[in-house]
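Engineer: The following block contains the structure, expressed as C-alpha cells.
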Amino acid sequence: MGLTQDFFPPTSELLEGGNQTSTFEFLLWGLSDQPQQQHIFFLLFLWMYVVTVAGNLLIVLAIGTDTHLHTPMYFFLASLSCADIFSTSTTVPKALVNIQTQSRSISYAGCLAQLYFFLTFGDMDIFLPATMAYDRYVAICHLLHYMMIMSLHRCAFLVTACWTLTSLLAMTRTFLIFRLSLCSKILPGFFCDLGPLMKVSCSDAQVNELVLLFLGGAVILIPFMLILVSYIRIVSAILRAPSAQGRRKAFSTCDSHLVVVALFFGTVIRAYLCPSSSSSNSVKEDTAAAVMYTVVTPLLNPFIYSMRNKDMKAAVVRLLKGRVSFSQGQ
C-alpha cells in the first residue's frame, strides 16, 4: 500500500507556521509498521544503545585517564565520542519509550527540541571528522611543525568553534521549520528530523525551504570536501615516503578514520541530499538510512577506532584493570 494518501492524510487543522499550540502532537511512523516486529526492534535498539553509550564512554575515560593519549588526535576522538553519545541519546531513548508504551506521539515542542539537539550533535559528527582529517594532514605532511600547529589552544579553539557553529546552524534550521505550515500530523520516521518535517509541510514558503536545503548541503558537503582534499594530500605524501614501513605506519593512523567517514557520509548524503518520494518503500529506505547514521555508526566508532590502534587498546585495557595513568610516565 502506498503512503501518498494513507500515510500523509491531510489534517482538518492546518498548522500555520509559528501558530502551533503546546497541545499539538505528531505521530511518528516508527521503525516498522509491523506490530509483530516491535518487540524485536526494542531489544535490538536497547542493546545497540547500551553498547554505544558504554563503548564511547569507555573511549572518553580511557583517553582522559591516560596521559600517553593526551594528544590532538585523541582529543578530537574523545570529542567525537561525546558527540556520538549525545546524538544517539537524543533519538533512541524516545524511540524505545514509544515502542514499549505502544505510543507513537511526540509533542510539537518536544519535536522541535529533539530536532534542535539532533542537528547540533549530528552536525558535530560531521564537523569533527573534518578536524580529525586536518590533524592527520598536519601530522603526516608537516610533521616537524605538528606540535606548534596543533597546539592545545588551537585544538580547543577548533572544537569550540565546531560546537558554536553547529548550535547556530541547528537553531537557524529549527526556526525555519517552526515557520513552515504543516498539513499532516504523521511524520515518516522514528524521530523528528528535517526530511520528515519537510515532507509534511504544505506551505509555499520556498525561501525557507531553499535556505534549509542550502544549509543542509553546506553542512554536509563542505566538511566532506575538506576531508577529501586532506586525504588526497595525505595519500600523496605517503606514497612519496621512502620506506615501506613508514608508509604502512602512516596508513594505519588513517584507515580507521576513512572507514568511519565512508560509512557515515554515505548514509547522510543518501538521506539529506538525494530526494525521495512519499511511497512506502521510500519511507522504509529513509528510515534504514537514518538508523545507519544515528545508531549504527556511533555503535561502530569505538570498535573501529580501538581495534586498529594499539595505544587505544592498551589504554582501554589499563582502564578496565584499574591501572590509570594520570601523571606523565615512562
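The backbone N, Cα and C atoms fix where each Cβ goes, glycine too.
As the structure is a computational prediction, the values presented were derived from the model and not from experiment.
Sharing the features that Swiss-Prot gives for it:
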- 1-39: topological domain 'Extracellular' (TOPO_DOM)
- ASN19: N-linked glycosylation site (CARBOHYD)
- 40-60: transmembrane segment (TRANSMEM)
- 61-71: topological domain 'Cytoplasmic' (TOPO_DOM)
- 72-92: transmembrane segment (TRANSMEM)
- 93-111: topological domain 'Extracellular' (TOPO_DOM)
- CYS111-CYS192: disulfide bond (DISULFID)
- 112-132: transmembrane segment (TRANSMEM)
- 133-137: topological domain 'Cytoplasmic' (TOPO_DOM)
- 138-158: transmembrane segment (TRANSMEM)
- 159-209: topological domain 'Extracellular' (TOPO_DOM)
- 210-230: transmembrane segment (TRANSMEM)
- 231-257: topological domain 'Cytoplasmic' (TOPO_DOM)
- 258-278: transmembrane segment (TRANSMEM)
- 279-286: topological domain 'Extracellular' (TOPO_DOM)
- 287-307: transmembrane segment (TRANSMEM)
- 308-330: topological domain 'Cytoplasmic' (TOPO_DOM)
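In the displayed structure, how are the listed features positioned relative to their neighbours?
Structural biologist: For the transmembrane segment (40-60), the list of distant contacts is 31-32, 77-78, 81-82, 84-85, 88-89, 92-93, 95-96, 99-100, 295-296, 298-299, 301-303, 305-306, 312, 316, 319: same-chain residues at least six beyond its ends, Cβ to Cβ under 8 Å.
With helix defined as DSSP H, G or I and strand as E or B, the topological domain 'Extracellular' (93-111) counts 13 helix, 3 strand, 3 coil.
Same-chain residues at least 6 positions away in sequence with a Cβ under 8 Å from that of CYS111 (disulfide bond) are, in sequence order, PHE26, LEU187, CYS192, LEU197.
Outside the transmembrane segment (112-132) by six or more residues, the chain places 73, 76-77, 79-80, 83-84, 86-87, 90-91, 94, 106, 158-159, 162-163, 165-167, 169-171, 173-174, 177-178, 191-194, 197, 219-220, 223-224, 226-227, 230, 257, 260-261, 264-265, 268, 293-294, 297-298 with a CB less than 8 A from a CB of the stretch.
Nonlocal intrachain contacts for the topological domain 'Cytoplasmic' (133-137), taken as residues 6+ away from its ends with a CB within less than 8 angstroms of a stretch CB, comprise 72-73, 76, 150, 158, 226-227, 230-231, 233-234, 253-254, 257, 261.
Secondary structure of the topological domain 'Extracellular' (159-209), assigned with DSSP and counted as helix (H, G, I), strand (E, B) and coil, comes to 30 helix, 4 strand, 17 coil.
Tertiary proximity for the transmembrane segment (210-230) is limited to same-chain residues at least six positions away from its ends with a CB under 8 Å from its CB atoms, namely 123, 126-127, 129-130, 133-134, 136-137, 169, 172-173, 176-177, 194, 198, 261, 265, 268-269, 272-273.
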Engineer: What is the three-state DSSP composition of the topological domain 'Cytoplasmic' (61-71), stated as helix, strand and coil residue counts?
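Structural biologist: Going by DSSP assignments, the topological domain 'Cytoplasmic' (61-71) contains 8 helix, 1 strand, 2 coil.
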Engineer: Mind checking which residues reach the topological domain 'Extracellular' (93-111)? Cβ under 8 Å, same chain, six or more beyond either end.
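Structural biologist: Same-chain contacts beyond the flanks: 20-31, 38, 41-42, 45-46, 49, 187, 190-192, 197.
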Engineer: May I have the DSSP-based helix, strand and coil counts for the residues of the topological domain 'Cytoplasmic' (133-137)?
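Structural biologist: Secondary-structure composition of the topological domain 'Cytoplasmic' (133-137): 5 helix, 0 strand, 0 coil.
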